[in-house]
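The following features are taken from TrEMBL:
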DOMAIN    81-145  domain 'Metalloprotease TldD/E N-terminal'
DOMAIN    175-285  domain 'Metalloprotease TldD/E central'
DOMAIN    293-538  domain 'Metalloprotease TldD/E C-terminal'
SIGNAL    1-32  signal peptide
Amino acid sequence: MMPAMSTSRRSFLRTTGLAAGAGLLWPSWAQADPPGSRTPAPVKPPSSADLALLSASPLLNDELLAKRAIEAAQRAGASYADARLVAWRRERVSVRDDHVSDVHRSSEYGLGLRVIADGAWGFAATPRLDPKSIDGLAKRAVSAAKINATLRRERVELAPLAAISGSWVAPHRVDPWTISPKHKAELLISATTSALAIAGVAHASALVDSQREEKLFLSSEGARVHQLMVRVRPQLSATAVDRRRGQFASRDHEIAPMLAGWEHVEDAKLVDDAAQIGEDAVRKLHAAPVEPGERTVILDPSNLWLTIHESIGHPTELDRALGLEANFAGTSFLDPAKTGAYELGNELANFVADRTQPGGLATCAWDDDGVGTERWQLVKAGKLVDWQTTRDQAHWIRDKTGDERGHACSYADSYSSVAFQRMPNISLTPGREGYTTEDLINATDDGILISGRGSWSIDQQRYNFQFSGQYFWEIKHGRLTKPLRDVAYQANTVDFWRSMDMLGGEGSFRLGGSFGDGKGEPGQSNAVSHGCPPARFRVNVVSTAGGKG
């Protein structure tokens, strides 16, 4: 039950003395997210942007070569083949203090060919797109499959799939590549200069990371899908230094990376928020040390998304749970045999996976198997009910989940990388009561509010973990009282999600995410988002004191 002491935002700020720094709890950058990204995912991905952007694509010039690769593979003995033409563009503009520290641009273009021969997968790739190279590519892919067939334990089984033809462009208003590096650097330097104007701030840095990923997928079953994804990641950080004490503290802007264009950077208002970021860094530097012990914590979405990623996202990768994947922090404590029965949280713990979330970094219309994307339940009322799967994994868990085709989780980060199961967007479903962050604070007698991404560690089963954050407020008698520093929280995954006793409503839902989620050997990286409302937990709080903020 909610306590009777409900307060308005204005009286709340006045009572806690935060009126001058209202952004600490209601950051202006929370308003910067793309349309639709502040509500849980729909069943289908958002409407595409201008499909005319695909009409002049260089990939179309090489479509006949992709078809040639598939046909050559079939002649060489492949029972199935698919080809991915991929064009990648990446750009990062970085500044430090009052100068540009780096401008990095890269691109790649090529074709990856995946085949099944003798019941096993084979793969080969090339940046050389001419008939002779393509014919050689097909022979290499089929040869690899036949070698793999001598080692396989079972034949590859693809879930039935109707041939699909379609095009999709991720919603965005301004292509980041129409904005010059000079203009980007000027905006970033304006932000760092504003942060440096705050007394006590010694350094400030900022960057804008942009990605443009275009794929044309064709298969021997008749599939043809053409997609374009644009992503941006703005970032701003200020560091305050106390040379007398030999201490420092850093504060990062909490704007999330998004499937969006340059408009997301403009809407983030880095320059407008820079002074507050600097003030936060100074306030954090002089904050009181945390008192360790068992505590109640309220985790803002800007912090909780990473905990979701590590404690729910990776453990529900089916290949990881089956022991087929162990890179980047091990396997999983979850057992597929207990699907539908294992309780990893309480009734408030409802997690949905999707590749349809507006603004979601993993959002697309089809995966790299040509399977249409969707939304599905992973955890329902605390109970594990499904997994992240691909078309060739569906039969492994079908008797437990009833899924016939896989959940469109196939992805390759380059034309030269083989597609395999990668994490979709995964989000915590908001509560029905419609609580706000303020409501959670009002209902907490003694606790800590934690926002932003900090350091983290998790064991090889994704079970025991420790997470920190960016900014910390002590809560006493339903009010924020003072900033804290050196805060981290520890728990195990099951106890953590079983301790969740209050969470925000749909109006408090926000996305967080990362451009760099690693998996596989050779390693691959994908971009992924996680949405959630603020939520309250019981954890073990520890101090990370040691002069680093």
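Glycine is treated like the rest: Cβ placed from N, Cα and C.
Helix first, then strand, then coil: DSSP counts for the domain 'Metalloprotease TldD/E central' (175-285) stand at 42 helix, 45 strand, 24 coil.
Assigned with DSSP, the residues of the domain 'Metalloprotease TldD/E N-terminal' (81-145) fall into helix, strand and coil as follows: 15 helix, 42 strand, 8 coil. Taken as a whole, the domain 'Metalloprotease TldD/E C-terminal' (293-538) shows an average pLDDT of 97 in this prediction.
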